[in-house]
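Colleague: So TrEMBL lists these for the protein:
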COMPBIAS  1-11  compositional bias 'Polar residues'
DOMAIN    494-600  domain 'FAD-binding FR-type'
REGION    1-24  region 'Disordered'
TRANSMEM  260-278  transmembrane segment
TRANSMEM  399-419  transmembrane segment
TRANSMEM  440-460  transmembrane segment
TRANSMEM  472-489  transmembrane segment
Amino acid sequence: MEIRKGSQSAQKHPANLALSPSSSSSSCSSFSASVVPLTCSPVEQTALPYRMGSRGISIVSLSDCERLRFVDTAGNEWRIVENRFNRLAITGNGHEPVVKWSDFGSCIGMRESPEFANELLRAMRGRRDWKKDITKNELHSYWCRMTDPWLDSRIELFFDLCDRNMDGRINERDITKVILLSAPINKLSVKHEEAEEQASLIMEVLDIEHRGYIEPSQLESLFKVSLPKGSSATSYQKDQKLEPTSKAEILFRSYWRRTWIILFWLIVCFALFTWKFIQYSHRTAFQVMGYCLSTAKGAAETLKFNMALILLPVCRNTITWLRKNSGFNSVIPFNDNINFHKLIAGGIVIGVLLHGGTHLACDFPRISGSDSSTFRQTIAARFGYQQPSYFQILATTEVATGIAMVIVMMIAFSLATKWPRRQTSPLPRSVRKVTGYNTFWYSHHLFILVYALLIVHSMFLFLTDNLTEKTTWMYIAIPVLLYAGERIIRAIRSGFCEVEIWKVNLYPGKVLSLKLRKPEGFSHKSGMYIFIQCPQISPFEWHPFSLTCGPKDDYLSVHIRTLGDWSYQLYSLFQEAQVTRLKQYPKIYIDGPYGAASQDHIKYDIVVMVGLGIGVTPFISILKDFASRVKKPNINHAASGEGRIEKGPLKAYLYWVTREQSSFNWFMDVMQEIAETNQKQSVVEVFNFLTSVYQEGDARSALISIIQSLYHAKNGMDIVSRTPVHTHFARPNWFNIFSNLARRHRGARIGVFYCGPLALARELERLCTKFSTKTTTRFVFHKENY
């Protein structure tokens, strides 16, 4: 295959351009644009893998640097390598600074993969005396060879890396050794037998004459092929023409439901505060305590309201029921119920500070220290005509219950914050021992004591005996009864929902898969979740887990990863039961199903799902739902509350990003089912990303990429995931992904659903806003919150 340097046609094919950094005094040479023809030899064509979910094979040419690179020169120029050399250098025998051969990897930026760096040094030095100190001039010559702009030169170096005997030939044994070298560097599990099979595959493709070895020219054909890339995954696409949609309009469309709820809440709080503030400004007690009294009473009124309101976002049955109504669901952001719960908690904190703070720091000192005549003329009757001291006021029922409430709330609030709840490392080890989800769960149930103290506190007031002014019970009666009713229904329902365990699987990474008999009358939609209880661990703890079964399946399934003490104990119980012959599994109770953000996928024609690690679980049921729709095209989704038939999405994309190869074992059957479904109708495109493997084109993963392509072309299976789904290496380029989605689905409204850490959620939400502003495609972001 010919590679033409500096061709004028490069300007006509921007997708084929490889632009290099400009030359500088510290670089070896300058790069020029290159054009790679989209043609390949018969041998090269065998390396073109099948892309699941795409119609045919999408060929996108790669630049020379993307095909094979030993070091990433971006942010790793020679001057940086030189600085590393200077830090590690010692004085050699000839008084010239040198570094030890074992520090070669640290110098060139391969500190995390020293084994590969050592083999690379051996390839450049030859078999003899390669374990000797390195001078700066030698290091520079090695650096220039590794960063040579000519692909042929880098392929020759890679050939030397594989050629253990330095005889100009690579045999099957050499390839096997390089595979076994590359696999652990990329955190891949490859047995010796598998490595031999993969090496045999390369020889089968390249050694057409069956000579038992391959030469450099044959290896070049694998690197010069234009490898296929799914256009939605990593390939570059040109941005669309910008549309005149303002960012303010997009932000309004994205956040108007949250905004009006928060504004309405703030207005109600402000109105209640103002009402009580003005009311107490005209009371006789105002002459003693002044605006401190008005402030405390205004804050008290907002506290009543918020103590009632904070229960509503956690009434899960009610929220799930309300979700079914399209009218409510269109104006109320049910997916943000937990965030709203936290916001109200913040309002309670502010109310407590204002109410309790002004009482303790202002009102009570003024009562005890006021002029006796003023005291007798105003509020003396409320204190038995005896002016109390500050400590006598603190000993009263209303103040004592108030202080007790604040202490209990401080405990519950502090243990519900991020660090104690997740036992994060910034906390001291002694503190981490008494924190975690269990501590959060039990401490949060102190709210029962808080509400009991609140009722007592509200019945004993200094300044009034009028029952119509003791309105706390009026605020909290309905929410408390609603919440209590939900807990009672949940207890009764779950008590009858001991489920039969049909199948148990224990996966690497301490992931437990449970296949349960579906209770009679149990009905759910894709994207919902259930609560699970194991009495053998705790009769009180319930934990939420996404359903990984389709709505049409005759069973329920969940996948549980050990991320806390409860899930670890559950995994251990089932692990012990698997070992015993009787296999007596612990009892499991379930409660649900409950609605989640993923349920809203039904609103969109195009759905994009992003799951990190175990965060893929909410989307598995959606994939199964897609598969069942394709198998039975005449059957639509179930009718909604108004009897209207819901239309399902027409296209779905799943981006699953994980750090561990073993993660792909969790849903191998689902991926196989999707592959079979796509043979009938391409409705789902799945993109797996394994971040432990170096990016495609990196020399450390180059041989793995080649084998992956060859094996997929021959057997239709991916050697990494062991499913028909092609696995991409390193982290996704989310900007390119959104750019391609916007280009492919012009004018569409795409729902983006995410489950995983908050950091990526912010990036995805920012990209949704950016591309909704700059293109005709509208991206709407949703995040799972439990």
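The first residue you see is number 1, and the count goes up from there.
Backbone N, Cα and C define each Cβ position, glycine as well.
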Colleague: Quickly jot the same-chain residues contacting the transmembrane segment (399-419) by Cβ under 8 Å, restricted to those at least six beyond its ends, or write none.
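Modeller: 345, 348-349, 352, 356, 359, 364, 393, 426-427, 435, 439-440, 443-444, 446-447, 449-450, 453-454, 456-457, 460.
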Colleague: Could you pull the average pLDDT for the domain 'FAD-binding FR-type' (494-600)?
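Modeller: On average, pLDDT over the domain 'FAD-binding FR-type' (494-600) sits at 86.
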Colleague: Using DSSP, what's the helix, strand and coil tally for the domain 'FAD-binding FR-type' (494-600)?
Modeller: 21 helix, 38 strand, 48 coil
Colleague: Six or more residues beyond either end and a Cβ under 8 Å away: which residues meet both conditions relative to the transmembrane segment (260-278)?
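Modeller: Beyond its ends, the transmembrane segment (260-278) has Cβ neighbours at 294-295, 297-302, 304-306, 309, 331-333, 340, 343-344, 347.
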